[in-house]
Amino acid sequence: RIMRPDDANIAGNVHGGTILKMIEEAGAIISTRHCNSQAGEPCVAALARVERTDFLSPMCIGEVANVSAEITYTSRHSVEVQVNVMSENILTGAKKVTNKATLWYVPLSLKNVNKVLEVPPIQYARQEQEDEGKKRYEEQKLDRLETKQRNGDVILPVINPEPHTVGYSQSSLIHLVGPSDCTLLGFVHGGVTMKLMDEVAGIVAARHCKTNIVTASVDAINFHEKIKKGCVITVSGRMTFTSNKSMEIEVFVDADPFVDEPRERYRAVSAFFTYVSLSKEGKPLPVPQLLTETEDEKRRFEEGKGRYLQTKAKRQAQMQQAAQQ
């Protein structure tokens, strides 16, 4: 579809959350189609996880976004979907890849939302493809478990915080989940949640830098539990790490069931977003150093630094490999 002015951020580029929402819609369509391709109980595919997603280049208003999806692996109860996003300048015909993403879905029965159904297997061209897919499946399963175990954190307000501290830029958004946010099963679309998370992360980054900011990448987004229609969700974000040119922001979503639900608030989604600061000409600007005050903030900073260095090493290895080829 063509990108319109209401898809833009304040700098005129397409909002990162809008692209994430389109990616999830494509993944939901293809995985739901596949899971209903054989006779059996009808179902809807629910998003469980999004692997690291890099924003390779900005998409501009007036360009056409082409989102394509392909199923690359199936386990007994989950589907791996690869999604590519390409932008096209319809005046010049120029095309470029802007995003690549890997998403995991599980099929939920339309009759019983708590029932996970079996996934029809796909045919692989080579045995290596199945083996590699199984390895990715085991890795994401382990990471989801580890992430859920450290999800007890909350963000508390800070009185009169100093600039460039964690408390100064931290932000929250409260949203009542309505019918337009939900799937056929009455649970929130993963893309709706990701768009809200990107908005909060963007506010945190803008508060820290006081400049134009854009989404550079999103680390794994883990959907721990479903969010039902009628819930009030709190999307919270805080700065965890800064390098010279990038910022890592932790974002999590807590749900409060209010309608016919005696359940207490629970952690539904968590992720790390990376932003960069840009000048009016679109060139990278230095990022102010994050000032850590508490032991927890210092620990999170070091953990973020580890993720940053790991990603940087992977990118350099990929560049060297490409140069050799």
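Keep in mind that glycine also has a Cβ here, set from the backbone N, Cα and C atoms.
Curation plays no part in TrEMBL annotations; they are all automatic predictions.
What TrEMBL says about this one:
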{"type": "DOMAIN", "residues": "1-111", "note": "domain 'HotDog ACOT-type'"}
{"type": "ACT_SITE", "residues": "N9", "note": "active site"}
{"type": "DOMAIN", "residues": "167-281", "note": "domain 'HotDog ACOT-type'"}
{"type": "ACT_SITE", "residues": "D198", "note": "active site"}
{"type": "REGION", "residues": "294-325", "note": "region 'Disordered'"}
{"type": "COMPBIAS", "residues": "296-306", "note": "compositional bias 'Basic and acidic residues'"}
{"type": "COMPBIAS", "residues": "316-325", "note": "compositional bias 'Low complexity'"}
Would you mind listing, in sequence order, the residues at least six apart from N9 (active site) in the same chain with a Cβ closer than 8 Å to its Cβ? H15, G16, G202, V214
Residue numbers, six or more beyond the limits of the compositional bias 'Basic and acidic residues' (296-306), whose CB comes under 8 Å of its CB atoms: 166, 240-241, 243, 248, 250, 272, 290
